[in-house]
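One structure is given here, and the rest of the page talks about it.
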Amino acid sequence: MKLKRIFFALPSCYNENREFFSRFLILGTILVLFCGGIGPFITAFKIAIFELLFTILVLYTLLNVKSNNLPIRKGLYPKKNFIIIIMLCIFISLSLNIDLLGSSEPSKMAYISIILLLISCLYLYSLIEISIKYNIELSIALKITPLVISILGLLVFLVGIFDYPKSLLQYSLTGGVPFGSNRRYLGYICTIGTSICLYYLMMRYNISKAFVIVYSSIFTINLSLTIWLGGRAALISIFATLFIFCIYLINIKKFRPHNLTQLITLSFIASFIAYYFSIFEWNGPGRFILHLQENNIENKFNLDKSVRAEIWLQTYNAIIEKPLFGHGPEGYSYHPDHIFGLQPHNSILQILMSYGLISSSIILFLYIQYTTSGIASILNTHNENSILALLVIISLTIHSLVDGTFYHAQPIYFLVISYSIIIVERYKSLNRPLIDI
């Protein structure tokens, strides 16, 4: 009883729970960033445990306030959105029941995928409610990300001095080099960290020189680690995000050419650092050079040695087989004509393959709705938190067009945080329904 009393009294030990949930969010985000498991499901389970624990604590706190009802704010969730989400759940259920491939393993994996997605949805709701009630700054989870990635980068470069990264080639590795068992996880979060740094380096007016030096160093480490990993999709998404952000700055008349010049200079420094520490053919600037020197024109324009064009064609043919409700979650990896990997290296094809046209249309509608809501909020208020969240969403979205970004749990985790920030900031600025449908 005493242990139970201590556990459930934990949130009330702080000033109206604010510090507790802020610190818990920071700690959880750090753990998520270090969570590079051997397989995507192992990583997803670890992240889901934190999300579920956070959700339970939030629900307990909200249910124990002096009110008989759960404090869902009027106008925070438009009624028509509830109907849309219910429809989405129904159609996804049809995907599960109709299109499973008859094997017990695909069935189990499909239901596990849905459960993990539902936990992420609960986490989104929890973040929104607890942020509005206790005025918690959710963007702190994004702001600490580049710093944590810098620590990871320094660890990787440090062991590089001792020639230890050879263990990165051993995919069965369970310890040692951070993310040694699957470097793709690190590439996804490097994209997030570098995109966040863009904001502070491109809008660095009225801030101290010390702050500029610190963020310049963090950006350089984040980008050099991205280049060191050989992530072409990551680099494309980062600089495409930078281009979009520059257009926004020009529109609000806060674009500073010298900031962009210094950012490009830091990018060259990052490339040099990545080249210095590169020891494999798959990593560093050398990979891009070798790719451009390919004699075979077809190979030169392939996005990866996994032959993405063939994967996309096979996925398209599979979508045509069951266009309305798809093949169900994990339907790609268990399809008879499956070529390579667990996902088709394209988020649009991935959703169409799994859930079909009907569910995909609903998902796309919700995505566009809340993304445009964030854009509208930024254009009206130029809120820092909303800008950071939108930069993360844009970079991950672009990245997902040529990779399996949204198949993995870490990008989904940061996507959830980013959308919760946009919803909360939009609600605070309007104090009325976010979008009138």
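In case you wondered, yes, glycine gets a Cβ from its N, Cα and C as well.
Going by TrEMBL, these are the annotated features:
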TRANSMEM  20-39  transmembrane segment
TRANSMEM  45-63  transmembrane segment
TRANSMEM  83-103  transmembrane segment
TRANSMEM  109-128  transmembrane segment
TRANSMEM  140-165  transmembrane segment
TRANSMEM  185-203  transmembrane segment
TRANSMEM  210-228  transmembrane segment
DOMAIN    223-358  domain 'O-antigen ligase-related'
TRANSMEM  234-251  transmembrane segment
TRANSMEM  263-280  transmembrane segment
TRANSMEM  348-370  transmembrane segment
TRANSMEM  382-401  transmembrane segment
TRANSMEM  407-424  transmembrane segment
Cβ contacts the transmembrane segment (185-203)/the transmembrane segment (234-251), at least three under 8 Å, sequence gap 6 or more = yes
Key: Recorded stretch, among 20-39, 109-128, 263-280, 407-424, maximising Cβ pairs under 8 Å relative to the transmembrane segment (348-370)   = 407-424
Task = Name the range, of those listed as 45-63, 109-128, 210-228, 234-251, that has the largest tally of Cβ pairs under 8 Å with the transmembrane segment (407-424).
result = 109-128
Query = Where among 45-63, 109-128, 234-251, 263-280 do we find the most Cβ pairs under 8 Å to the transmembrane segment (382-401)?
reply = 234-251
Request  = Counting only CB pairs under 8 A, let me know which of 109-128, 210-228, 234-251 has the most with the transmembrane segment (263-280).
outcome  = 210-228
Inquiry  = At a C-beta cut-off of under 8 Å, are there same-chain residues at least 6 beyond the transmembrane segment (234-251) that contact it? List them, or none.
reply    = 187-188, 190-191, 194-195, 198-199, 202-203, 223, 226-227, 260, 263, 378, 391, 394-396, 398-399, 402
Ask   = Across the domain 'O-antigen ligase-related' (223-358), what is the average pLDDT of the model, as a whole number?
value = 77
